[in-house]
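Here the structure comes first, spelled out in structure tokens, and everything after it is commentary.
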Amino acid sequence: MSDRTGIFAGDDPFAIARDWLAEAERSEPNDANAIALATVDASGLPNVRMVLLKEIEPAAFVFYTNYESAKAIELEQAGKAAFVMHWKSLRRQLRVRGTITREEGPQADDYYASRSLKSRLGAWASRQSRPLSSRAALMAEVAKITAAKGPNPPRPPFWGGFRLTPVEIEFWADGAFRLHDRFVWRRNSAGESWVIQRLNP
């Protein structure tokens, strides 16, 4: 008999992740949807940075970025990534590992259109991860793009989403005296059934 009750109840890890995120959005002071996204470069050297998770789909996690950024290049070279979400207010953590594919269709268009005008223009102006001579140069590029693109800029061809389809999802909750609760969902590839295990703290 499973002892996965309360916040761990249920067999669908995406449903549990959505529930945890919804709870975190009520208690975290800001950016409850922030993830620390880990990638590796061509030499195998790891990189990590904060990114905002924008959707938990029925079978994947979606975020958006500049396709010319260091993270995007590393994502596409490796085809794999991992992230962690940590909520201090809940004393909980979610870890995810899996494969990466682009999302550059209507879903990406819709998300881009939902952003503020300044954020949409900023996506055009920023050549993410490339050297920048000064902030003044960046703001000059924003002004140039604003004049050229107007009030309804289309999604840049170099900007869009990535979908992480997991092969491992781990839920962690703080316990007294470091006796934490950890449950992991694992499978070898997307489409396979999950194997669920409790882990030692």
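Keep in mind that glycine also has a Cβ here, set from the backbone N, Cα and C atoms.
The FMN binding site annotation in Swiss-Prot covers Arg49, Met50, Val51, Leu52, Leu53, Lys54, Tyr64, Thr65, Lys71, Gln93, Gln128, Ser129, Trp172, Arg182 and rests on sequence analysis. Positions annotated as substrate binding site by Swiss-Prot, on the basis of sequence analysis: Lys54, Tyr111, Arg115, Ser119, Arg178, Leu179, His180.
Look at Tyr111 (substrate binding site): DSSP puts it in a helix. Among Lys54, Tyr111, Arg115, Ser119, Arg178, Leu179, His180, the residues given in the record as binding substrate, the maximal Cα to Cα distance rounds to 43 Å. Looking only at other Cβ atoms within 10 Å, the busiest spot among the binding-site residues Val51, Leu53, Leu179 turns out to be Leu53. When secondary structure is read from DSSP and collapsed to three states, Leu179 (substrate binding site) falls in the coil class. Sequence-distant contacts (6 or more apart, same chain, Cβ under 8 Å) of Lys71 (FMN binding site) comprise Leu37, Thr39, Asn47, Arg49, Val51, Thr65, Ser129. Its Cβ placed at the centre, Tyr111 (substrate binding site) has 18 other Cβ atoms within 10 Å. For Tyr64 (FMN binding site) paired with Leu179 (substrate binding site), the C-alpha to C-alpha distance reads 36 Å. DSSP assigns Trp172 (FMN binding site) to a strand segment in the three-state reduction. Spatially, by CA atoms, the binding-site residues Arg115, Leu179, His180 include one closest to Gln128 (FMN binding site), and that is Arg115. Applying an 8 A CB threshold to same-chain residues 6+ apart, the list for Arg115 (substrate binding site) reads Ala123. Pairwise Cα distances among Arg49, Met50, Val51, Leu52, Leu53, Lys54, Tyr64, Thr65, Lys71, Gln93, Gln128, Ser129, Trp172, Arg182, the recorded FMN-binding residues, top out at 36 Å.
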